[in-house]
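Remarks on the structure that follows.
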Amino acid sequence: MLLPVLRASSRIVMRHSVVFNCIRLQSNKPERSQQINELKLREIIEGTNFGTEATKKRKLEEERKKLEKEREAERQREEKKEREAKLEEANKQNEADFSSTKTGKLKGEDSEVDHKKDEGLRIENKIIATTDSSVDATDIPNIAEEVNETIQKEIGGLPSEKQKKQSALTKKITQYLDSAHDTILTVTRALNDVTGYSAIERLKKSIEEQEEDLKNAKKYVKECKLTYGDAIQKRSHSQREVNELLTRKHNWSPEDLERFTELYRNDHENDVWEKECEKKLEEAELKVDAVQLKLTQLILTRYHEEQIWSDKIRRSSTWGTWVLMGLNVLLFVFATFLVEPWKRKKLVLGFEDKVKTVLVGIAQENDAVLNPIIEKLDQEQKDGSTGHNLEKSGYLTLEDEGGQTTSLPASLDSTSSQPPSAPVLSKEQQGSRILRAKASIKFFILQAQYAIVSSWHRVRVTCVKSYTALTTPSIEFLKLDKVEFGLYTFIISILSCGLGSLATIYCR
C-alpha cells in the first residue's frame with residue numbers, strides 16, 4: 001500500500017518538475033500566440049488542441065532557416081573574394097610594356113604573362129590598353145593607317161575604296177545631284193510651310209504616335225485583366241482553403257496550424273494585391289478611353305485641316321486658271337487688233353517697195369535700151385529719111401487710137417541669129433506705163449484695206465443681223481451655216497464657263 005503511494009507521489013513530483021522546466025525553458029522566448037497581433041487568429045489558435053510540440057517545431061524551423069541564411073551569406077562572400085582575385089589577375093595580365101619597331105607596329109613583354117598570349121593581342125587593343133610613356137605620339141597615326149589598310153584588304157569592297165576610285169566628273173555629278181536634291185527638299189519644305197501642309201504632316205505623325213500609344217495601352221489593359229483575374233483566383237482559393245481548415249478546427253495537425261497561419265497572414269496581402277490590381281485595371285481602362293478620345297479628336301482635326309487646305313489649294317487653282325484665261329484673252333486681243341494689222345501693213349509696204357524697185361529697174365533697163373534708138377530716130381527725122389531708115393532697120397510704125405505712134409519689128413526671121421530688138425517707146429509712153437503701174441499698186445493696196453475693213457464691217461453686220469433676228473418676234477426659225485454655228489457655239493461655251501466659274505467663286 002505504501003509503495004503505490006510513493007510511486008504516485010514521485011510521478012507527481014516528476015511531472016511538476018518537468019512542467020516547471022518546460023515553463024522555465026519557454027520563458028526565454030514569447031509564445032507563438034504572443035507573436036500574433038490579430039485577435040481573431042489568436043483566439044482560433046488558442047481554441048485548438050496544440051501544446052508545446054508545435055512551438056518546438058517552429059523554433060527548430062526558424063533555427064534551420066537562420067543557419068541556411070548564414071551559409072548563403074558566407075557563400076556570397078567567398079564568391080565575391082574569388083571575383084576580386086580574378087579581376088586583380090586580369091589587371092596584372094593587361095599591364096605590359098610596349099615599344100615601337102621600325103614598321104610602326106607595337107610589341108611588348110609582360111613579366112607575368114606568357115609571350116604567346118601577348119602575340120595574340122591585337123595592335124589596336126594594345127594602343128588602347130597601354131599607359132606607358134615609351135610609345136611616341138607621332139607613331140600612332142602611322143599605326144592607325146596601317147590598321148585601316150589591313151582592314152580594307154581583309155574585307156574589301158568598302159564604300160571608301162569605291163569613293164577613292166571615282167573620277168572627278170563622277171564626283172562633280174554626285175555633288176551636283178546632292179545639291180539639287182537638297183534644293184528640291186528645301187523648296188518642297190518651303191512650299192509646305194507657305195501652304196500650311198507642314199503642320200498637317202506633324203499632325204499625321206502625332207496621330208501615328210497616338211495609335212501606337214493606344215495599342216500599348218490596350219496591351220497593358222489585357223495584362224492588368226490577367227493579373228486581376230489571377231489575384232481574384234488566388235484569394236478565392238486561399239479563402240476556400242481557410243474555410244476548409246476552419247471546418248475541422250478541433251482536429252488540426254501542426255502542418256494545418258502552420259498552413260492556417262500562413263493563409264491568414266497572406267489573406268490581407270491578397271486583399272491588398274487584389275485592390276491594387278483592380279485600381280491598376282481601372283486606371284488602364286481610363287487611360288485607354290482618354291487615348292481613344294484624343295486619337296478620335298486628332299483624326300477629326302486632321303480631316304478638318306485637310307479640308308481647309310484643299311479648299312485653299314482649290315481656290316488658288318481657280319484663281320490661277322482665271323489668270324491664265326485672262327492672259328490668253330489679252331494675248332488674243334493683242335495679236336488680233338495690234339500684231340496682225342501691223343504685220344499686214346508691213347507686208348503691204350514691203351510688197352509696194354519691192355514692186356517699186358522692180359519697176360524702177362525695168363524703167364532703167366528700158367531707158368538704157370531705148371535712149372540710143374530715140375537719139376538715132378531724132379537724128380534721122382532731122383535728115384528727113386525716117387521711114388526709109390525704119391524699113392531698113394526692120395521696124396514698122398503703128399498708130400494707136402490716141403494718135404501715138406509705136407515702132408514694132410517688121411518681120412522676125414527665125415533663122416536670124418540676132419535677137420529681136422525691143423520696141424521703141426517715147427518718153428510719154430514710158431511715163432504713162434509707170435503711172436499705170438503705180439495706179440495698179442495703189443489699187444491693190446486699197447483693195448487690201450477694203451478687204452480688212454469689209455471683213456470687220458461684215459462681222460459687225462452679222463452680229464447686228466443676228467441680234468435683230470433674235471429680238472424680232474416675227475422671225476420663228478433661224479438658218480445657220482457651219483461657220484456661224486461653230487462661232488455661236490464657241491461664244492456660248494466661253495460665256496457659260498465664265499458665268500459658272502463666277503457663280504462657284506462668289507456662292508461659296
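Backbone N, Cα and C atoms are what each Cβ position is placed from, and that goes for glycine too.
Remember, it's a predicted structure, so these values are computed and weren't measured experimentally.
Computed over the coiled coil (49-98), the whole-number mean pLDDT of the model equals 73. Here Swiss-Prot flags 49-98 (among others) as coiled coil, drawing on sequence analysis.
Summarising the annotation, Swiss-Prot assigns region 'Disordered' to 54-118 (among others).
Residues or ranges marked as compositional bias 'Basic and acidic residues' by Swiss-Prot: 59-95 (among others).
Residues or ranges marked as compositional bias 'Basic and acidic residues' in Swiss-Prot: 106-118 (among others).
Taken from Swiss-Prot, the feature coiled coil applies to 196-228 (among others).
Counting only same-chain residues 6+ beyond the ends of the coiled coil (266-301), those with a CB under 8 A from a CB of the stretch are 203, 206-207, 210-211, 213-214, 217-218, 220-221, 224-225, 227-228, 231-232, 234-235, 238-239, 242. Marked as coiled coil by Swiss-Prot on the basis of sequence analysis: 266-301 (among others).
The transmembrane segment feature in Swiss-Prot is assigned to 319-339 (among others).
According to Swiss-Prot, the topological domain 'Mitochondrial intermembrane' annotation covers 340-484, on the basis of sequence analysis.
Annotated region 'Disordered' per Swiss-Prot: 400-429 (among others), in sequence order.
The annotation compositional bias 'Polar residues' is assigned in Swiss-Prot to 403-419.
Note on the transmembrane segment (485-505): residues 315, 318, 321-322 of its chain, located 6 or more positions outside it, place their CB under 8 angstroms from a CB of the stretch. Look at Swiss-Prot and you will find 485-505 (among others) tagged as transmembrane segment, backed by sequence analysis.
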Per-state residue totals over the compositional bias 'Basic and acidic residues' (59-95) - DSSP helix, strand, coil: 36 helix, 0 strand, 1 coil
